[in-house]
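See structure below.
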């Protein structure tokens, strides 16, 4: 005999381990699980742990060639979601060895990969991740961080002000640059390429970069302040993206921009490394986030995408407004804003923080309040976001 029986077997025999003591090096995940009718929560939680780590639907002889105990994910705690029928929070611990160092891409491929299409689950949402210092230390994180950015800009003790150039599509490069100049000359710290602006027929990227650089230098000379424009380097290939970042560096501008979800984490980490090596700040836009995070019972909460961005690298990230035109709950927003900026964040379920997170010395990211805000929102925004933020109007 081969020492095992073939056939479909229950996951909970192997992957549900309520007695497990989590290790400091484990990556911990909190999932909101909605099992199919008739599937017990233990089986559903164990299935999540299995499918996102070493498990497959049956036993195979090659299982005997490794130590599954060392490499398997473990569902170590399950609790019902208060106020929801047939929903459970399932906590899963993953051994550190399952993940490639310095790769957000690999981390997500494992934790939020095939398991989300799993038949035994009606829906699945990743609510939070605890990233241990042993793993976060394998990432560079933000190219510069909040403190270095303030030193570069020589602006302290207040939120930074920005606006997005509108109409976002259709202006020629020359007129676009003119709008940038007027905004910066009028007192803003930053202007921004809309995320839709890459390199379209009506305005190619190189022309835009040139006229925006001119606007920056002219307004700097006239105001005596350091100015910036988020030049969108997002492109169809990594090579093209880096080419745009190189051109921005050659122009001597202070900051470039990237859409990190549509561009992908591999491209984002590549760009962040380039920005760090070349003294460019990196502004991150989150186009596509609502596809992933808007459903309450399926997908991923934005706090997970925010943590992933801090690891991958970015100096600014759009993080909702609470008061503008787009959706966002106040307490939960404050929770992930702290996760972006602070070194050490205590577990606090009222703010959606499922785990205590210790970033040790990884630089912080400035949250950007953007999306349908105007001057009447100022008092609320400064109260919610405090000094370390970018208020992005328009």
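Numbering starts at 1 and runs along the chain as displayed.
Including glycine, each Cβ sits where the backbone N, Cα and C put it.
Matching 77, 316, 318 to the substrate binding residues that Swiss-Prot gives (114, 164, 168, 286, 370) identifies 318. Put simply, residue 195 (Mg(2+) binding site) is 7 Å from residue 285 (active site, proton acceptor) when counted between their Cα atoms. Per-site Cβ counts within 10 Å over the recorded positions 166, 168, 192, 318 peak at 192. DSSP assigns residue 114 (substrate binding site) to a helix. Spatially, by CA atoms, the binding-site residues 114, 168, 286, 318, 370 include one closest to residue 194 (Mg(2+) binding site), and that is 168. Taking a C-beta cut-off of under 8 angstroms and a sequence separation of 6 or more, residue 370 (substrate binding site) has the following same-chain neighbours: 164, 318, 321, 324, 390, 392, 393.
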